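Q: Let me begin by handing over the structure; questions about it come next.
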Amino acid sequence: MAASAKVTVGSHVWVEDPDDAWIDGEVEEVNSEEITVNCSGKTVVAKLNNVYPKDPEFPELGVDDMTKLAYLHEPGVLLNLKCRYNANEIYTYTGNILIAVNPFKRLPHLYGSETMKQYKGTAFGELSPHPFAVADSAYRKMINEGVSQAILVSGESGAGKTESTKMLMQYLAYMGGRAESEGRSVEQQVLESNPVLEAFGNAKTVRNNNSSRFGKFVEIQFDQRGRISGAAIRTYLLERSRVCQVSDPERNYHCFYMLCAAPEQETERYKLGKPSTFRYLNQSNCYALDGLDDSKEYLATRKAMDVVGINSEEQDGIFRVVAAILHLGNIEFAKGEESEASEPKDEKSRFHLKVAAELFMCDGKALEDSLCKRVMVTRDESITKSLDPDSAALGRDALAKIVYSKLFDWLVTKINNSIGQDPNSKHIIGVLDIYGFESFKTNSFEQFCINLTNEKLQQHFNQHVFKMEQEEYTKEEIDWSYIEFIDNQDVLDLIEKKPGGIIALLDEACMFPRSTHDTFAQKLYQTFKNHKRFGKPKLAQTDFTICHYAGDVTYQTELFLDKNKDYVVGEHQALLSSSDCSFVSSLFPPLPEESSKTSKFSSIGSQFKQQLQSLLESLSTTEPHYIRCVKPNNLLKPDIFENINILHQLRCGGVMEAIRISCAGYPTRKPFNEFLTRFRILAPETTKSSYDEVDACKKLLAKVDLKGFQIGKTKVFLRAGQMAEMDAHRAEVLGHSARIIQRNVLTYQSRKKFLLLQAASTEIQALCRGQVARVWFETMRREAASLRIQKQARTYICQNAYKTLCSSACSIQTGMRAKAARIELQLRKKRRATIIIQSQIRRCLCHQRYVRTKKAAITTQCGWRVKVARRELRNLKMAAKETGALQDAKTKLENQVEELTSNLELEKQMRMEIEEAKSQEIEALQSVLTDIKLQLRDTQETKSKEISDLQSVLTDIKLQLRDTQETKSKEISDLQSALQDMQLEIEELSKGLEMTNDLAAENEQLKESVSSLQNKIDESERKYEEISKISEERIKDEVPVIDQSAIIKLETENQKLKALVSSMEEKIDELDRKHDETSPNITEKLKEDVSFDYEIVSNLEAENERLKALVGSLEKKINESGNNSTDEQEEGKYILKEESLTEDASIDNERVKKLADENKDLNDLVSSLEKKIDETEKKYEEASRLCEERLKQALDAETGLIDLKTSMQRLEEKVSDMETAEQIRRQQALVNSASRRMSPQVSFTGAPPLENGHQEPLAPIPSRRFGTESFRRSRIERQPHEFVDVLLKCVSKNIGFSHGKPVAALTIYKCLMRWKIFEAEKTSIFDRIVPVFGSAIENQEDDNHLAYWLTNTSTLLFLLQRSLRQQSSTGSSPTKPPQPTSFFGRMTQGFRSTSSPNLSTDVVQQVDARYPALLFKQQLTAYVETMYGIIRENVKREVSSLLSSCIQSLKESSCDSSVVNSPSKSSEENLPAKSSEENSPKKSSEENSPKESSGDKSPQKLSDDNSPSKEGQAVKSSEENSPASSWQSIIEFLNYILITWKKNYVPLFLVQKMFSQTFQYINVQLFNSLLLEREYCTVNMGIKVKAGLDELESWCSQATEEFVGSSWDELKHTRQAVVLLVTEPKSTITYDDLTINLCSVLSTEQLYRICTLCKDKDDGDHNVSPEVISNLKLLLTNEDENSRSFLLDDDSSIPFDTDEISSCMQEKDFANVKSASELADNPNFLFLKE
């Protein structure tokens, strides 16, 4: 319709709008697929196929019948309904369908006897649409055609179905006359049956105050004269569950509230009170309806019962049963003396039980037994079974529901019997008042049955509309083809098909006692998983969705089975059938013996389906008439028309489908005269040449080239969109004509204006040109005169200026020349004096410089001689040190070679033991392999049996087996890759052997370097002798004197050097002795760890490197000594020439010779060291050869073990794969357990087993050096396991704090950093540490224990966040600093690197975190959040108890201060004041270790004496239970919490978050309590609450912002509410003051609630002004219904994330933290002290 319409620029169209459904506008631009529309100033771009044409000639008040619309589409229908609704015309036809829009107000002009007279006998469609017209049409057809009629009224709850039904029955009663029946008219009885059924079958719902909770079909019988001769009422699916369950703000059935509002003598007889005292009624806060008096309705219902023939005795029995149901609801059950027995809870329950028994007129004990016990009849005997309290409560509710259902059925039967049916009547008019389509947030069995009814009626409706369309085409005698319409038969088959439908499956599930809603839902999923109308919600497990004609509806199956079962408990049946009250016993007649013996299961669904089928059979024999009731808005207020809401109802009611069916044929139908009048302009010649309307219409349509139209007898029938195309042609013709007219008019106006403008411009130009010429001539005259005047004036001025300038220049030149001569003379005098002064000063300066230079030269010479002597002494010292180092190195090498030989002998013995253990292990593995094969064979047999038994699920098992095979293939590929990795490692080991050959080559180079060293030493000695000889000759020749002090210093340095050499020799002897003592210990350690050979080789390599370094340093020093000797020779010559010393030279020569002899001794010592080095190298080569042999043997043994373990693991994996694929994906538990069983036997042959159960391969020897990264990582993974138990035993206790930092967290962190666990690829240490933190959650009641572990966990997490650095995606490790080459350099670097990490947060050590470390970090994060949540819930639980006591005390104090106390209020209305003893905070029995005192201020003298304990928080006596003491108990509890957290040094940001959420919880509890009851919204209550808030504010100020943060701001809702309560007088408060100044935070719902609750009837000044309340109420009506809750919600989320722990925790220096006392003396944890 929209796509085929021709849209041009200027056309008026409808465009979709999300707010108003459709808006109109004018087309501004048309593209190929999109158009631009101007909608009242707003430009909208829409697709061409999403717009509908608008009728520009639409009548202002709309049309009575929407089939007369030029464009029959959704926006046209909405516009027509809205125009008529605004004009109070609420009824509109759509063909034969009447649409009624509920006005929510009385319209007197539409009802009354006068209106009925107007419609009596009038043809359908002559008068305005009205239900009377529909009723009259049905009545006339029944009389004239002799066919029974039916009027179907449908619509949403609140759409006006009940009122429309009343009007229909009123009109039919008016038309049927007054045939008397036993003194009472039948029509009056039919009309009066409505209030009776409404009292017992209607209730208030969210959408309607008088919603029918049952379906009703009234059959009115007529005789041959058209008089009412009888009637029958049929009801469907009464909502039983409403008797026991009512949601707020709905109500139960009206009869309960009417009976409670009955006269006093009635309520006393039935022992009733207010509705709020009964559990079946007080589940909702709504007890009364606006504009409805329940007491008057009670009397009206009594009168209606009299009319329909229910006598007073029966009426008394009816209300006796209703009262008994109310008393049944107040019976509560508790556990009895036996374990699974139950009994009435208290005296109150026994009272209601007694009253209910009296009203039922049965035995009270029998009633109690029927509720608390069940009799199970077996073949031999009867067994009495006791019920628990929950089962007894369910039985009580079942009894109430079945009694009420029986009562309602009795009423319907009684009404039918009273009215009577005419057996001779052949024609009826049925009025169906049925519930409309329902879709709520929670849809149960009732909605399922209601929507099934609507599906049935919709199918009937579609078929009927299609038939009417057929009749219209046949009447006009046009050619038409079949019209396709939606057939919802597939939905009906889905629901009611037997077998296989949803109802059939539900009945089947109800017949099995063990069936639950879960099994029922799974059965539905399996049966209808491929059905296009059935779906399963993604996030639900038991819900299902059905695609109805009106939309998708999701049903919850929780109560389907219970609501579908229609049974009466045998005990209840027997009890009530034997009642002394005849009315009660008539409700439960005794069952026939045959039916009781052979009872067949009957369900509500099956009964309802049968009733529905009977209804449709009745409707099929009648001619239907349809009335669709529409609710214009959800506010239930007049004059509000919501387009989207109405459009949804029209779709659900099938109106739009009827329109679609109409549009599928020929929706546009115009009479000939109207068609020609509208479109004559397209072809004027057709109307001029012919007066035949039919012929003219055909010519007109042929000219516009329209296809597919039909010409009927009286009308033109157009297809969908053809009317828009005709309007488009008409708009083009009108537009073209308008443009021609506009062009001619504009041409005439423009020409006329141009001629006038031309004449005027000619005159103006002549005048202007004359004026311009005159002005130009005058200007030329003035310019000529001015030039002559200027010439004369300039000549005179120039002459005078020249004369003055000449005289001035002569005067100035004279003065300047004189001044220059004087200046020149003065300069010459100054220059002569300056030369004289400079010559004297330069002479003096040269003399002084010469004196200073001479003195400095003498001083420099003396200092230089001292420097030369010291340099020589330093060289001698260095030579002595190098000699000692060589001796030490040689001794160590000898000792290590001896140790290596002894270790080799031990290794041979160990290899023999390994071979024996290997053979034993192979035998064990073979036995295990045999067992596994047997298990495999048994498993296969079991599997084959299961497959044969479970052939129905063969497909699923094949899929699982396919997944298992894929997993096995993947595991096999992983094992093959692991085998390849092991082969690569073996190749690396062989490369390691080649490395020993490289070491031998390096040893040869060492020999060469030692020989070169010897040569250089000899050369240095030779040079030294030459220098000494030259010095002696110079001394003899020139008689120099050596500085005595320098020689003395040289001697002392020489003595020190000797002492140093002797001390080094003593140290070498001591090291030899220690080595002899420690060698046995090293031998035993070799037995424990096979990898010791790697350490020996690495030590040898390090020693080799050290020797190289020593040789290099000696060469460097020798070179320096050679250079120094040359320099000294030259310096000596200079000294001998410059100065002459006066000391005796002979003595000095002897000392020099003595020093030379000592130097020779040192050279001899060096040569002996070289010999020892040669011997050490030989021993090293032999050790290398032995190590190579040992490595080969170890590799062979490890290869055999690894192959056996690999085959073992593969077999175990196959068995585990066949047992469960899911278990393999999570963790290879079987392989892990098997590997751990084998690990003690082979622990000495390799690394320990990993977490996943695979054996870690032998660490490969790197290609170049033993100290590579992979080798060290394997070492660090094995090292700390033996120390973890000691660590865990220590930190699992409360080891306290040091300097305010947790010792346990820092100890764990230091150990993990020391052991390099964070860099390990696989480790089980984290799995052993995590349970330590998990143990803190086990004791959830100990706040002190939880706070201690929260501090430790958060601190450790903080350190990990600062330390761990995740590896880059490439996996390359960061660049490391260069490694020193010498042995001592590497040792010192190792000491520095393995020391305890610097824990200052400014320089936290960064490490590359592996996957186990990152997983450990995530686990710590989860524990921090869990501990925080547990502590918060403990605090909330205690605060809730204290607040309950506080609120109770406030209420009691306000009741004491009031003048009158209401004695009728039951104790149940009071807020329950829980004993704080139940939820008091439990203090830990353990005390923290001594902590350093902090300088924090304690709020309100925070001390341990003030902190509440279990005993201190018990329920106080009535004398102490005052508001002040209650608030004080809250303050004391907050003090206790703060002290606990401060003692445990909980991070400040966590403390602030905790108090913030605690105060938020206090705010929610106080604020909700104020808004829930009227007695709390008083000035006295506000003053008392304000006093308590002042106490909390004082506590916050004393506790300081450091701990509580902005917690005080969380009480803003309660504070503002209290301010409003205590403000006096309230009548002067304006709306702006209320919403801006006083209560800016509160919402409109909350303000309206407070203002309405704090009303005082006696004093108007205490009330808020009505204007303010009306403004708030107006805002409430405009706001969304979803924002109607005035209560606050508690926030239970975690208020921080992991990143906040790192950013919010204050940076601390952890360097000064003391270690735990238990680890202080342990030598393995000495690094903690560093």
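Including glycine, each Cβ sits where the backbone N, Cα and C put it.
Straight from Swiss-Prot, here's the annotation block:
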- 155-162, 208-216: ATP binding site (BINDING)
- 883-1224: coiled coil (COILED)
- 1456-1465: compositional bias 'Low complexity' (COMPBIAS)
- 8-56: domain 'Myosin N-terminal SH3-like' (DOMAIN)
- 61-731: domain 'Myosin motor' (DOMAIN)
- 757-786: domain 'IQ 1' (DOMAIN)
- 782-811: domain 'IQ 2' (DOMAIN)
- 831-850: domain 'IQ 3' (DOMAIN)
- 853-882: domain 'IQ 4' (DOMAIN)
- 1327-1678: domain 'Dilute' (DOMAIN)
- 494-528: region 'Actin-binding' (REGION)
- 530-553: region 'Actin-binding' (REGION)
- 588-612: region 'Actin-binding' (REGION)
- 612-634: region 'Actin-binding' (REGION)
- 1367-1387: region 'Disordered' (REGION)
- 1456-1520: region 'Disordered' (REGION)
Q: Grab the same-chain neighbours of the domain 'IQ 3' (831-850) for me: Cβ-Cβ under 8 Å, and only residues 6 or more beyond its ends, written as numbers and ranges.
A: none
Q: Could you check what DSSP calls Lys161 (ATP binding site) once collapsed to helix, strand or coil?
A: helix
Q: Give, as a single whole number between 0 and 100, the mean pLDDT over the region 'Actin-binding' (494-528).
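A: Computed over the region 'Actin-binding' (494-528), the mean pLDDT is 90 on the 0 to 100 scale.
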Q: Go through Gly155, Gly158, our binding-site residues, and report the one whose Cβ sees the most other Cβ atoms within 10 Å.
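A: By the 10 Å Cβ neighbour count, Gly155 comes out on top.
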Q: Only counting partners 6 or more residues apart, tell me which same-chain residues put their Cβ under 8 Å from the Cβ of Ser212 (ATP binding site).
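A: Within the chain, Ser212 (ATP binding site) has Cβ neighbours under 8 Å at Lys161, Thr162, Glu198, Gly201, Asn202, Asp433, Tyr435.
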Q: Go through Lys161, Asn209, Gly215, the listed binding-site residues, and name the one with the sparsest Cβ surroundings, counting other Cβ atoms within 10 Å.
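A: Relative to the other binding-site residues in Lys161, Asn209, Gly215, Asn209 has the fewest Cβ atoms within 10 Å.
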Q: For the region 'Actin-binding' (530-553), could you work out the same-chain residues 6 or more beyond its ends whose Cβ comes under 8 Å from its Cβ atoms?
A: 437, 439, 443, 447, 451, 454-455, 458, 486, 488, 490-491, 494-495, 517-518, 521, 524, 651-652, 654, 657
Q: Check the DSSP secondary structure of Asn209 (ATP binding site), expressed as helix, strand or coil.
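A: The residue in question, Asn209 (ATP binding site), is coil (DSSP, three-state).
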Q: What is the number of residues in the domain 'IQ 1' (757-786) that are helix, strand and coil, as DSSP sees it?
A: 30 helix, 0 strand, 0 coil
Q: DSSP on Gly215 (ATP binding site), three-state: which is it?
A: strand
Q: When the region 'Actin-binding' (612-634) is classified with DSSP, how many of its residues are helical, how many are strand and how many are coil?
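A: Reading the DSSP string over the region 'Actin-binding' (612-634) gives 9 helix, 8 strand, 6 coil.
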